[in-house]
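Residues or ranges marked as domain 'PNPLA' in TrEMBL: 11-231. For 50-54, the entry in TrEMBL reads motif 'GXSXG'. What TrEMBL records for Ser52 is active site, nucleophile. As annotated by TrEMBL, active site, proton acceptor applies to Asp218.
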Amino acid sequence: MPVPKRPHTALVLSAGGVRGAYQVGVLDGLVDVLGVRGASGAPLFSVFAGTSVGALNAAYMAANAHHADHRVAGLVDVWQRLALRDTLRCTPLTLWGWPLWHLPGRYAKYASRSSPYVGRSLFDPRPTERLLERVIAWDRLHANVEAGVVRSLAIAALDVCDGRTTLFAELAPGVELRPSQTHARTHLTPIDAQRVLASSALPLVYPARNIEGRSYMDGALRFGTPIGPALRAGADRVVVISLLERSPAPQPMDAPDVPGFVFMLGKIFGALLLDPVSHDVDNLLRINRMFAAIDEVLGAAEFAAVTERLDQARDLPYRRVPTLVFRPSEDLAAVTASFIRRDLADSGIDPIRRAIIRCLSRSPVARTTELASILLLDGSLATRMIELGRRDALAATDRIREFFA
């Protein structure tokens, strides 16, 4: 009797700044539910796709795919050790601009060619860059891809020059990324820290990245949830961890309060980074339900004829894709607001950074602070979100076991 082929399981991680800690919590809980912590054997995932902070987490998981549990405990530790003195570092150089545009003549041209950064930013990206170089074993990542342990790793970044999404993808030998009819271009290349950082370079917050003479910034601005690249790489089933809460209830707003610039900026970032996730996931689930209904009504021959007709207008054939979706059971902006009110004074940060955080957390809605829930990369806050992710994963024990059965 032939041994059934092990399905290719994709992990799709979306954008969301510090909310990315929730993804790590879900993965940590998932490892415990399946009983693979410290175990040997095949990894849980072989296809990885991420955007922005999801690209960082996806790269770590792919680099540790030679472990059954992807060494997710190490990723938990990385997030819990984040320090505001590093992640919220503001220097005159960042505000002056990358590269040094104001240098005279040929010095400015040399700076432009040699600098990995482009433009001004609020925060210094170098501490995050050093962290990424230290915690992700890039050589191990490439070895996992070459050995076929990782089938594909795809991350998205936005090309500043022409406004098109660029999908950086590293593929195992023999794996093809099926062409797409979307506006995004695909660049097959080894994934490195520069490309991951480009995918997470949120405008105004971190500078765009200079890669091979082109400028790139946060890919979530036009490509929030890279489900498509995972399917195009041959994924048979998909795990998606969204960072947008489950149908958040409308928040009351006092009449005298007028939304200010920071509040509106938080809403804009939330709309760009978080809202597309819900649309993409709902679209995939809708297609699954449609095919389930068609399968119940039609016979095998009629079903095949319908799918063949549908496929004629698509680059990727329609099919049912088993999908496991996680969404935060609590409002992560409210979790952030609670942290700022209760724990910020004890975090040991200096008055300047505390003032910046207070500014980021100003909101007509006292219980929430959307911008801070994206930008406040702090280990204590990350721990809260990790714990929430673990709880949500443990609460989904039956769904997880059924999906991975």
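The count begins at 1 with the first shown residue.
For all residues, glycine too, the Cβ spot is worked out from N, Cα and C.
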Give me the CA-CA distance between the residue listed as 'active site, proton acceptor' and Ser52 (active site, nucleophile), in Å, as a whole number.
6
Positions whose Cβ lies under 8 angstroms from the motif 'GXSXG' (50-54), at least six residues beyond its ends:
12-20, 23, 154-156, 199-200, 202, 218-220, 223-226, 241, 273
Please spell out the DSSP helix, strand and coil residue counts for the motif 'GXSXG' (50-54).
2 helix, 2 strand, 1 coil
Select one residue from Ser52, Asp218: among these active-site residues, choose the one with the most other Cβ atoms within 10 Å of its Cβ.
Ser52
For the domain 'PNPLA' (11-231), what's the model's average pLDDT?
86
